[in-house]
Structure formats: C-alpha cells, structure tokens
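Below you'll find the structure, written out as structure tokens, and then a few comments.
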Amino acid sequence: MALPDKQVGKNKHFIQSARHALDGLKVFFVDENNFKREFLSATLVIVAGVVLQVSAFSWFVLVLAILLVFLGELLNTIVENVVDFIVGDQYDARAKKIKDMSAGAVLIVSLIAVVAGIYVFGPPLLALFRSW
Ligand SMILES: Nc1ncnc2c1ncn2[C@@H]1O[C@H](COP(=O)(O)OP(=O)(O)OP(=O)(O)O)[C@@H](O)[C@H]1O
C-alpha cells in the first residue's frame with residue numbers, strides 16, 4: 001500500500017512529520033500479517049495482566065516487551081522492503097544474509113518478550129495452579 005501523498009521534500013513542520021510517521025505505522029498495520037498476529041498476542045497479554053492483577057512494575061515490563069516486539073518487527077519489515085526494493089525478485093546471497101540476520105533480530109526480541117512473560121506471569125500462574 002503506497003502512502004497517500006506524493007511529497008518528496010523535507011517535512012515542513014512537526015504535524016507533517018507526525019502525520020507521515022502515523023501513515024507509516026498504518027501501512028505496517030494493514031500490510032503485515034506478522035504484525036497483526038503480534039498485535040493479537042499483545043492484546044491477550046494485556047487481558048491476562050488485567051485478569052491476574054499484575055503489579056505496576058510488571059505492567060512496565062510487559063509494555064516495554066510489547067513495544068520492543070513491535071519495534072523489532074517494524075525494523076525487520078523495513079529491512080525486507082529495502083532489500084526487495086534493491087534486488088527485486090533476483091536471488092542474491094547478500095540479500096539472503098541481510099534478511100536472515102534481520103529475522104534473527106526479531107527472534108532475539110521475541111525471546112526477550114518470552115522471558116518478560118515468564119517473569120510476570122510465572123509466579124501468579126504457579127500460585128493459581130497450587131491453589132487448585
Ligand atoms: N532476494 C532474495 N535473495 C536470497 N534469499 C532471499 C531473497 N528474498 C528472500 N530470501 C530468503 O527468504 C527468506 C524469507 O524472505 P521474505 O522476504 O519472504 O521474508 P518473510 O518470510 O516474508 O519474512 P516475514 O515473515 O518476517 O515477513 C529470507 O529470510 C531469505 O532467507
């Protein structure tokens with residue numbers, strides 16, 4: 001999905017910069033199925049946080065983890081788009097290396113989110129199971 005205007009020069013004021021940044025996030029949200037899945041996971045995590053009444057610090061950890069995963073996916077999508085823009089449909093060993101490393105970065109961010117999830121939800125879930 002292309003952005004709606006044909007501006008090529010610099011942004012003239014903050015509102016214009018913010019509008020283009022939001023346009024970028026909208027494209028990311030609409031076009032990327034991975035992001036939709038991560039958004040759904042984040043929603044489930046937030047619901048779990050509410051149900052289990054996690055602490056303020058745990059909310060801080062969860063929000064940071066969620067934003068980190070979104071940021072990782074966004075940067076990976078940018079890398080994939082730039083590589084595709086440069087090499088098109090051609091197989092290129094350097095393109096593979098760049099895309100695989102970028103996917104590796106998403107994997108690392110996802111592992112950080114899993115660790116954060118275990119830190120936040122591990123103790124209350126354990127307590128819940130023990131009380132049964
Ligand atoms: N032009 C290319 N040259 C060589 N290998 C490529 C090329 N494009 C993609 N690949 C290989 O295919 C894999 C998948 O690439 P693709 O761009 O389809 O990512 P994707 O599966 O859509 O990733 P995501 O799920 O994050 O959107 C890459 O990790 C890379 O190994």
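Glycine residues also receive a Cβ, built from the backbone N, Cα and C atoms like all the rest.
Feature list (source: TrEMBL):
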ACT_SITE  Glu73  active site, proton acceptor
BINDING   Glu32, Glu80, Lys99, Asp100  ATP binding site
BINDING   Glu32, Glu80  divalent metal cation binding site
BINDING   Glu73  substrate binding site
TRANSMEM  39-71  transmembrane segment
TRANSMEM  103-122  transmembrane segment
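Features recorded in TrEMBL, as mapped to the structure shown.
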{"residue": "Glu32", "record": "ATP binding site", "Cβ contacts under 8 Å, 6 or more apart": "Glu73, Thr77"}
{"residue": "Glu80", "record": "ATP binding site", "Cβ contacts under 8 Å, 6 or more apart": "Lys99, Ser102"}
{"residue": "Asp100", "record": "ATP binding site", "Cβ contacts under 8 Å, 6 or more apart": "none"}
Per DSSP, three-state class assigned to Lys99 (ATP binding site): helix
Site diameter for ATP, Å, by largest Cα distance between Glu32, Glu80, Lys99, Asp100: 18
Contacting recorded positions, sequence order - Glu32, Glu73, Glu80 vs ligand 1, Cβ under 6 Å: Glu80
Lowest local Cβ density among Glu73, Lys99, which the record lists as recorded positions, within 10 Å: Lys99
